[in-house]
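Participant: Structure provided below as structure tokens; questions to follow.
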Amino acid sequence: MSSNQQVAEPQKREFGWLLLAIIVFGAVIRLGAAVWWESRIPEGDRFFFGDSLSYEVLAQHLARGEDFVYGDAQVARTPGYPLLLAPAYWLTDQPPTLALRLIGIVCGTLAIWLAAWIARMLFDPVAAVVAALLVALYPGAIAMSVFILSEAPFVPFMLLNLGWLILALQAEDGSRRTKFAALSGLAFGLAILIRPSWLMFPLFAAPIGLLFYGHRKQQVLTYATAAIVAVLVLTPWWVRNYVVVGKFVPTTLQVGASLYDGISPMATGASDMSYVAGFKHDLAAEEAGMDGPLPGTFESRLDDRMKQASIEWAKQNPAKVFHLAGVKLWRYWTPLGNDPAVIGKMDVLTALGYMPIVLTGLLAMVLYARRMWVYFLLALPIFYYCCLHMVFVSSIRYRQPPMLALAILSAGLIAGWWRTYLQRSTTGAPADN
């Protein structure tokens with residue numbers, strides 16, 4: 001073994017132990033945060049967020065082998081997150097909520113490792129350690145791990161999707177490209193089943209890669225392979241929805257409600273679904289006097305009704321739609337919380353964790369995007385969700401998953417600065433970023 005190898009091996013082991021320590025530390029922080037959050041839930045309540053209740057009800061149905069329905073809605077949610085929760089309901093209908101949060105903690109801890117993995121792949125071991133530290137300590141990542149919401153399991157699949165896609169795009173031989181493209185498609189399909197908003201990301205990202213970067217043939221082959229596998233993953237859900245509804249439903253029948261929530265006379269940029277009851281009442285009254293079979297189901301017709309109402313209002317009020325988009329843009333990027341009247345300690349903590357990552361991450365995007373497509377690819381999720389939530393309702397919640405991808409770019413830049421500092425302090429010569 002050469003002297004260089006002898007030096008490198010201990011360094012590699014040291015980085016491995018440091019990375020493991022950060023991952024364990026991140027898990028402990030998340031567990032402590034979960035216990036603290038449990039203490040803040042009012043007595044008699046199980047959840048803080050209404051969405052959490054819907055996931056519990058669906059998980060209960062899956063655990064009992066019953067129909068996948070929430071109230072009278074058969075396609076209200078995709079099945080990914082309820083499937084992860086279902087084993088907790090095999091023994092009791094109401095397991096301790098801390099047990100449910102442990103699933104999020106495991107997913108959040110896995111996200112720390114995955115961020116380090118991608119950073120090591122694109123940069124070096126120092127960047128991997130920095131990425132792990134950023135994700136371990138980022139308040140938004142901690143919150144995602146604690147809340148009983150779909151963001152926690154979505155993030156690992158999003159990072160796997162991006163990481164395997166990067167490996168496929170960088171592969172020099174066809175078999176390796178096909179393998180990792182297929183794995184990327186698998187992760188993409190599973191991510192959609194957990195959080196349907198990820199569905200349109202390829203249509204946002206792929207044209208940018210094909211227009212502005214080279215190796216277009218390899219890109220097309222990679223995307224096509226991933227798409228085929230993703231379709232195979234999603235097909236059982238599509239078939240089930242067609243059997244239930246009588247038409248193709250790619251994700252859920254909540255698009256109409258979500259669109260009206262974001263673009264309508266009552267839209268403010270924040271979510272307020274109180275109007276749904278009125279739409280239900282009006283549609284039921286209208287259909288009560290109709291004879292003969294109606295297309296689809298009441299749920300699908302309600303979805304179409306709200307979708308059409310939103311589109312018609314948008315056509316008649318383009319200036320208001322543009323104004324709402326600006327409001328939602330600010331709600332997405334604001335350093336503080338979405339309620340300016342109440343700025344507390346948690347909002348300040350959120351800003352302190354958010355600003356360093358977003359500033360260094362966006363700077364890294366500008367510096368590294370010229371090098372390779374895969375660097376810019378990591379920055380795209382935060383812009384994708386920004387564009388998406390300039391249409392639908394917006395809040396700081398929706399930027400949290402893509403912030404972890406941006407943290408990887410931030411880690412690469414910080415690691416470069418660290419190397420420059422070390423080299424200047426020892427030799428007086430700058431190092432390359």
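Just so it is clear, glycine is given a Cβ too, placed from its N, Cα and C backbone atoms.
Automatic, uncurated: that is what TrEMBL annotation is.
Found this in TrEMBL, in case it helps:
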type: DOMAIN; residues: 78-238; note: domain 'Glycosyltransferase RgtA/B/C/D-like'
type: TRANSMEM; residues: 15-37; note: transmembrane segment
type: TRANSMEM; residues: 98-119; note: transmembrane segment
type: TRANSMEM; residues: 126-148; note: transmembrane segment
type: TRANSMEM; residues: 154-171; note: transmembrane segment
type: TRANSMEM; residues: 183-214; note: transmembrane segment
type: TRANSMEM; residues: 220-239; note: transmembrane segment
type: TRANSMEM; residues: 348-367; note: transmembrane segment
type: TRANSMEM; residues: 373-392; note: transmembrane segment
type: TRANSMEM; residues: 404-422; note: transmembrane segment
Participant: Pairs of Cβ atoms less than 8 Å apart decide it: which stretch in 15-37, 98-119, 220-239, 373-392, 404-422 has the most with the transmembrane segment (348-367)?
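Facilitator: Stretch with maximum Cβ contacts: 404-422.
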Participant: Apart from its near flanks, which chain residues at least 6 from the ends of the transmembrane segment (15-37) lie with a Cβ under 8 angstroms of it?
Facilitator: 48, 98, 101-102, 104-105, 108-109, 112-113, 116, 125-126, 128-129, 132-133, 135-137, 142-143, 145-147
Participant: Find the average pLDDT over the domain 'Glycosyltransferase RgtA/B/C/D-like' (78-238) in the predicted model and report it.
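Facilitator: A mean pLDDT of 97 is what the predicted model shows over the domain 'Glycosyltransferase RgtA/B/C/D-like' (78-238).
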